[in-house]
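Here is what Swiss-Prot says about this protein:
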- 1-116: region 'Disordered' (REGION)
- 47-57: compositional bias 'Polar residues' (COMPBIAS)
- 74-84: compositional bias 'Polar residues' (COMPBIAS)
- 105-114: compositional bias 'Basic residues' (COMPBIAS)
- 211-231: transmembrane segment (TRANSMEM)
- 248-268: transmembrane segment (TRANSMEM)
- 284-304: transmembrane segment (TRANSMEM)
- 339-359: transmembrane segment (TRANSMEM)
Amino acid sequence: MGKKQVALPRALPPMPSTSIDEIPHSRPKKKKTKSNNNTPDDVLQNAGFTTSENNDPLSPERRKRKKKRFSIDAETSLTQNNPSIPVVLNGKDTDNQTTEEGATRKPRRRTKKTRLAEEEFPNELGVEDEDIIPDGHTKIPTQNPAFLASSLTSQPVGKLFVEKNRRFQAADRSEIIKTTEQMDVFLDVKPTWSSMDVSLTAHHIFRMVGLFCCGFLAGYAVWNIVVIYVLAGSQLTNLPNLLQTYKILAYPSQCFLYFLLVLSTVTAFDRIDLERAADALRGLLKLDPAAVASFFYFVALFLVLSQQMTSDRMNFYTPPTQNGSLWQTDTEGQILQPWIVINLVVAILVGLAWLFLSCRPDIDHSEEAMFIPEEEDYPDMEKGMKIQG
């Protein structure tokens, strides 16, 4: 009763045999391969011992233990590398050595794990913390004030230095600005002239001058016929007086009339498109002002040229009673009456032509044909393009 019984420690239950298979096996350590030269027989011979001829075994052979099944991971990792390596359980490699100890073992190669792409190729394009600049004001490193540049904006100076004659000379800024502004204004106002603009302007000027000549010709023709009828008297009874007075004016007046008539005819024909004769005739039938005026001037020019010989005879007039006279007695009426009528018709024609032109002074078909030919010269091409589209 005096002695207390000491309680024994509680024994642990035995582990089942199946738990061994579930325990993960560690990899066997590499063993140094033993050379085949150091066999037991060689060792005995070197020591001076002789082997007996008896072949009976001195000690019983060890029984081979049955190989137990290991986990799939350990078995596959060992068998794939070297099937001749023995299996190790719980690190006890002394008990599980095979009889083939002299056999050389192949060294197992360690499989290198593939590195990630991020480790092999570092991201050099990434943004570092040093590259990030905050939105606030950047700190200016402290430097010597002698080497610091002024942070103020530069102010304009009144004088500028301009290179003249390979030297820089001071000049006032305001004068330079004024000259540059004047040059800019001059360049902006000055238009750019082309050959078509020059020809079109010359055509307009000639048309205006021609219209003035047409009006002057109409007035001159009327004045001429009035002078003739005044000098001839009533019913042309005083023709010798007309010849004696008008012989000084006959030749110059007829030449001046011819000059004005030619200029007016050219101006009138310049208003119609002579390249298309059919259109000109159609305009004459439709009483187009330019076409009608051209026709009147052409007829008047033809009539004036038909009476040029009579004007020459009037210029060399001498009385029939004198020797060498080109005029015979009682022939003045036969020669002068047709000439007076023709001058009257010419005056009427040029007056009507000027009236037609003055009603439509801006009409000019030749300008449309010469300076705007693209609209009418290629109508078939435009039709072909429309058909293809």
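Counting begins at 1 with the first residue displayed.
Cβ coordinates are placed from backbone N, Cα and C, and glycine is handled just like the others.
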Practice problem: Please give the sequence-distant neighbours of the transmembrane segment (211-231): residues at least 6 beyond its ends with Cβ less than 8 Å from one of its Cβ atoms. | Solution: 238, 241-242, 245-246, 249, 253, 256-257, 260-261, 263-264, 267-268, 293, 340, 343-344, 346-347, 350-351, 353-354, 357-358, 361
Exercise. Using a Cβ-Cβ cut-off of under 8 Å, list the residues of the same chain that are 6+ residues beyond the ends of the transmembrane segment (248-268) and lie near it.
Key: 206-207, 209-211, 213-214, 216-217, 220-221, 224, 227, 290, 293-294, 296-298, 300-301, 304-305, 308, 311-312, 314-315, 346, 350, 353, 357
Quiz prompt | Chain residues outside the transmembrane segment (339-359) and at least six past its termini with a C-beta under 8 angstroms from it | solution = 211, 214-215, 217-218, 221-222, 224-225, 228-229, 232, 236, 257, 261, 264, 268, 271, 289-290, 292-293, 296-297, 299-300, 303-304, 306-307, 310-311, 314
